[in-house]
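Asks: Straight out of TrEMBL:
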| type | residues | note |
| --- | --- | --- |
| DOMAIN | 12-152 | domain 'Oxo-4-hydroxy-4-carboxy-5-ureidoimidazoline decarboxylase' |
| REGION | 163-189 | region 'Disordered' |
| DOMAIN | 189-307 | domain 'Transthyretin/hydroxyisourate hydrolase' |
| BINDING | His192, Arg242, Tyr305 | substrate binding site |
Amino acid sequence: MEEQRSWSEIDFLRCCGSSKFSRAMMEASPFPDLQHAIQFARNIWFNEIDVNGWLDAFADHPPIGATSKPISQWSKEEQSTAVVTATDSTMEELIEWNARYKEKFGFVFLICASGRSTPEILSELKKRYSNRLIVELEIAAQEEMKITELRMAKLFESKARAVPATSTRQSVDPVKKSEGNPRRSRPPITTHVLDVARGCPGKGIEVQLEMWRNQQNYPSFKEQSSGNWSLLGSSVTDSDGRSGHLMNIIDDITPGIYRISFNTGKYNPSGFFPYISIVFEIKESQKSEHFHVPLLLSPFSVTTYRGS
């Protein structure tokens, strides 16, 4: 049935305002179902689109509560809860903070507004206003992907309605071309480095991923150099701060303890950290999920979190 759906770059531009993203999605189409399309979209957005592409997509969104320019039907639907929960004073305050945010960061405040009230959005805007630019870019990119996924669901729904119900033609799944091919489009564990002191990606940093092989005991402080750690892969971050593949692309990752390490001393010899290791656990119930473990680095502090 998929082959009868008509896909175009315009379709994907409606979901995300980055022309590079829409072209990449068009090249990857057709998709057998929404889930496969979202997997491709996440990989393209986070691993192939640069900051300029992100900014193109951000610029396509009107500020929440804006009335100065035409707003798409999808934007109206996404902002509907905010509109009905707004008072004159909260909307005025939101417009004011939107302007302050754009003046500071250079792009519109972006949040997946679907189902969110105006007070909730305003609170999040004020909270994020204190962020550094490089941190806020990352958060905005994650919010953009949430919006894109919602819009892709609407796109697939509209395409499904356009396909005749009597059709019996079958399509070839571009992901599952043969037995044993994984559903994922990227490895289960990925990373990138942001140099928050310089306000740019951390380029040229050596990264390695290991797994704890002793099933009887958890690793401890005393076993950091233990032979129970097994190297899965290594890479060097590119100009966008992203590492190459640190492990194979597989459907279900083996549950256990993993360690991802960064050679920060070589990157910044005068810094406080000769290297940084992040140890984390993947549970049995999480083996089909994706684990993005970024590093936000400055000479005297580091931050990490589990991303998407």
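Our numbering is plain: 1 for the first residue shown, then up by one each step along the chain.
Keep in mind that glycine also has a Cβ here, set from the backbone N, Cα and C atoms.
Owing to the predicted nature of the structure, the values given are computational and were not obtained by experimental measurement.
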Asks: Determine the Cβ neighbour count for Tyr305 (substrate binding site): the number of other Cβ atoms within 10 Å of its Cβ.
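Replies: There are 10 such Cβ atoms around Tyr305 (substrate binding site).
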Asks: What are the DSSP helix/strand/coil residue counts across the domain 'Oxo-4-hydroxy-4-carboxy-5-ureidoimidazoline decarboxylase' (12-152)?
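Replies: Per DSSP, the residues of the domain 'Oxo-4-hydroxy-4-carboxy-5-ureidoimidazoline decarboxylase' (12-152) fall into 98 helix, 0 strand, 43 coil.
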Asks: Least buried of the binding-site residues His192, Arg242, going by other Cβ atoms within 10 Å?
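Replies: Minimum Cβ neighbour count within 10 Å, taken over the binding-site residues His192, Arg242, occurs at Arg242.
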Asks: The record lists His192, Arg242, Tyr305 as binding substrate. What's the largest Cα to Cα distance among them, in Å, rounded to a whole number?
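Replies: About 15 Å separates the two most distant Cα atoms.
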Asks: Per DSSP, what is the helix/strand/coil residue tally across the domain 'Transthyretin/hydroxyisourate hydrolase' (189-307)?
Replies: 10 helix, 49 strand, 60 coil
Asks: Calculate the per-residue pLDDT averaged over the domain 'Oxo-4-hydroxy-4-carboxy-5-ureidoimidazoline decarboxylase' (12-152) and state the result as an integer.
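Replies: Mean pLDDT for the domain 'Oxo-4-hydroxy-4-carboxy-5-ureidoimidazoline decarboxylase' (12-152): 86.
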